[in-house]
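Comments concern the structure below.
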Amino acid sequence: MVKISSTAVSHKRLAREMIKLVKKGITNAYAPYSSIPVSAGLYCKDGEIFTGVNIENSSYSLSMCAERVALFKAVASGQRNFLLLLLYSPKIDFILPCGACLQTLCEFSPELVIATMNTNEEFKFYPLKTLIKRPFRL
Ligand code: THU
């Protein structure tokens, strides 16, 4: 019983640690087409944190989500193991990753927990596995 609550508390602690960074990141989001800025923070197993924002393009389908920017920055820096992803948009309370981001996150950390936040800094937590039940695998 202690184990379950201590896991929950630690995810909340990691999410809290990233609030400032993720909120600050919103100013770097490039979202002139949707007007929906999104910011993400990815907490690595060794404690390092990578941030990402959405980056849109006039050729709409080339736009990139905040989650994948954070993930690709982390992987390109040598990270492979992730504990928690925190997501935030001032326009959408408790925003969740799209299917493409869920699939790319699964590649590295199927045990990842997704934290999402509203403007009052309240959290919801979802294990990645519950958001994508049958990821594509070779
Ligand atoms: N977007 C993200 O960055 N992450 C999500 O979780 C969902 C959507 C971006 C893509 C696009 O720039 C804008 O939000 C509106 O869809």
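Backbone N, Cα and C define each Cβ position, glycine as well.
Here TrEMBL flags E67 as active site, proton donor. The feature substrate binding site is assigned by TrEMBL to N54, I55, E56, N57, S58, S59, Y60. Positions annotated as Zn(2+) binding site by TrEMBL: C65, C98, C101. What TrEMBL records for 13-138 is domain 'CMP/dCMP-type deaminase'.
Location within the structure of each feature annotated in TrEMBL.
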residue	record	DSSP class
N54	substrate binding site	coil
S59	substrate binding site	coil
C65	Zn(2+) binding site	coil
C98	Zn(2+) binding site	coil
Counting every protein chain shown, other Cβ atoms within 10 Å of the Cβ of Y60 (substrate binding site) number 9
Counting every protein chain shown, other Cβ atoms within 10 Å of the Cβ of E67 (active site, proton donor) number 27
Cα-Cα, N54 (substrate binding site) versus C98 (Zn(2+) binding site), nearest Å, comes out at 12
By a 10 Å Cβ neighbour count, the lowest-scoring of the binding-site residues N54, N57, S58 is S58
Expected list for ligand 1 (Cβ under 6 angstroms, binding-site residues N54, I55, N57, S59, Y60, C98) reads N54, C98
CB neighbours within 10 A of E56 (substrate binding site), counting all protein chains shown, number 19
Secondary structure of the domain 'CMP/dCMP-type deaminase' (13-138) by DSSP, residue by residue, totals 44 helix, 31 strand, 51 coil
One residue among the binding-site residues I55, C98, C101 has the fewest other C-beta atoms within 10 A of its C-beta, namely C98
Those same-chain residues, other than N54, I55, E56, N57, S58, S59, Y60, found with Cβ within 8 Å of the centroid of the substrate-site Cβ atoms are Y30, Y33, L62, S63, M64
Ranked by how many other Cβ atoms lie within 10 Å of their Cβ, the binding-site residues S59, C65 are led by C65
Checking the recorded positions C65, E67, C98, C101 against E56 (substrate binding site) with a 10 Å Cα-Cα cut-off, in sequence order, leaves C65
Note on Zn(2+): the CB centroid of C65, C98, C101 has further same-chain residues inside 8 Å, namely A66, E67, R68, P97, G99, A100, L102, T104
One should report the C-alpha separation between E67 (active site, proton donor) and S59 (substrate binding site), rounded to whole angstrom, as 20
